[in-house]
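Student: Sharing a structure here in structure tokens format.
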Amino acid sequence: MDSPEKVVKTEETLDKALEHLKFGFFNICLIITSGFILANVILETFGISFVLPVSQCELHWTMEERSVLSSISVIGIIISSHLWGYLADTKGRKTIILPTLLLGFLFEFLTSFSNSFWVFFVFKLFNGICVSGSSATIYAYLGEFHTSKHRDRAIMIASTIFGFGTILMSILAWIFINQEWSFYIPGIGITYKPWRLYLIACGLPGLICGLVLFGFPESPKYLLSVGKEEEALEILKYIYEKNTKQSRDTFPVSKLLKENVEEVIPETGSFCSKLGKSVWNQTAPLFNKQYVLLTALICFLQFIIFSTANGMYMWFPDILNSVMEYNKENPDNSTYICEIYKEKIGKVFAGSHHGTACVEKFEISTYIYSIYVEVGYILGFAAISGLIRLVHKKYIIVFVLLVTGTCGIITVLVKHSITANILYIIMLTCALAENLLGTAAVELYPTKLRAMSVCISLMFGRLGCVFGTFYIGAMLKNYCNESFYACGGSLILAGLLAFCIPRQKEEKVDEKIEA
């Protein structure tokens, strides 16, 4: 159909068609939504780090139970990672992200009514399974609406917004946990305290993003890969209209070509057999001769980064609050951060069954320093978003890991506790490298393997998170110094290995590979 301007219609590949969409309102809304979906992962997974210390006296956790509950959401993410990767690649990106966001909030809501270790355990496990569906798939979903020119920046801007969102975790904890109200619920025999309402607040971004996502379309690249060319084209016209404010009839593409887009062929058999076969077919190519070294490298780096960034962060409020309490009680004295924590944690576990030495509120400075961590993430993501077009991402990863690893080692060598806190915060910003590795997984693999490659790399990262949480939880009480040495040293090793990350070869990104 000719427009008043006599637009010439052409047949083009999806990547070329995306260039006609421009960067506009739709992209901005998608990036903001994706950023808060990523923030929701942090809130629902790591908000528990503020909950466990203040629920100690009510539910009488042991150190082992705290370690388990700290990582149970991550375990849920790990055990469902392959399933969601399969479903995202075969059923659609949005089809997975939307319902898992809504169900994740439901289980977080139920967690707030837990009255025992096992009830808490089960609800947080299912919450983690739901979080897994959105956390890895969102990278592929966001990336597939952008050209290679804008993809890296879109993901990094979403990560910057994710940084703003994670500030909510500390702010919400500050708002809710330090309140002093409580009331008894006789039917389930619990005293509802502020920390329980805080859990619900942590789940709200997931609920909101799930509702907002109803207004977004499915990934056009996915639709094209399953043979739905017309639907993919209509989505591109819709985005074109939103971004350019012009009629969709003026969109200069009449047909999408399947060049460089691998087709997903439906399989026969039962769901379990199709799942098993598809998981194998999509996972095995990641470890063939062409990709095995890349896959192994990215998985190992994610394991190291997650084990330190997330493992140490899970204990950050507890360690920091111990230091802040010590400084308040001993304003004229200063000592090593590990000596303070070992003394404080011993008193807490010895006194929790007798109503003494309980922590039911955090020092205000604990919240402030926690916000500093998130501000560090924001500044880091903002800087990387500007640098990523000037400096290859692997050099940024190397710099981040070497600097944060060095700070981790120095943390326990400094006797001034405030300086040690700052170094601790810098060490935690090694998480900046997680998202950069996520972009590498998106661009270094073909379309058919992208969601699965991200899921696999994040699965190894989350294995590192579980390992780090258990390892640090077991070591901190008696081997605090060694924990920091191990984390700092592993980050330095990861930084050196990051030199091996290859550059993207544009002409090979979407080529067909053999299983």
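A Cβ is built for glycine as well, from the same backbone N, Cα and C atoms used for every other residue.
Straight from TrEMBL, here's the annotation block:
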| type | residues | note |
| --- | --- | --- |
| TRANSMEM | 21-43 | transmembrane segment |
| DOMAIN | 28-506 | domain 'Major facilitator superfamily (MFS) profile' |
| TRANSMEM | 68-88 | transmembrane segment |
| TRANSMEM | 95-111 | transmembrane segment |
| TRANSMEM | 117-142 | transmembrane segment |
| TRANSMEM | 154-177 | transmembrane segment |
| TRANSMEM | 197-216 | transmembrane segment |
| TRANSMEM | 291-316 | transmembrane segment |
| TRANSMEM | 367-388 | transmembrane segment |
| TRANSMEM | 395-414 | transmembrane segment |
| TRANSMEM | 420-437 | transmembrane segment |
| TRANSMEM | 449-471 | transmembrane segment |
| TRANSMEM | 483-502 | transmembrane segment |
Student: For the transmembrane segment (420-437), give me same-chain residues lying six or more residues beyond its boundaries with a C-beta closer than 8 angstroms to one of its C-beta atoms, as numbers and ranges.
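Tutor: Residues packing against the transmembrane segment (420-437) from afar: 155-156, 159, 162, 298, 301-302, 305-306, 308-310, 312-313, 316, 319-320, 323, 336-337, 369, 372-373, 376-377, 380-381, 384, 393, 396-397, 400-401, 403-405, 407-408, 410-412, 414, 457, 461, 487-488, 491, 494, 498.
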Student: Check for me, if you would, whether the transmembrane segment (68-88) reaches the transmembrane segment (117-142) - at least 3 Cβ pairs under 8 Å, residues 6 or more apart in sequence.
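Tutor: When sequence-distant Cβ pairs are counted, the transmembrane segment (117-142) touches the transmembrane segment (68-88), since at least 3 lie under 8 Å.
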Student: Which one of these stretches, 117-142, 154-177, 291-316, 449-471, has the most C-beta pairs shorter than 8 Å to the transmembrane segment (95-111)?
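Tutor: Ranked by Cβ pairs under 8 Å, first place goes to 117-142.
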Student: Can you see whether the transmembrane segment (154-177) and the transmembrane segment (21-43) are touching - at least 3 CB pairs under 8 angstroms, only pairs 6 or more apart in sequence?
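Tutor: Answer yes, regions in contact.
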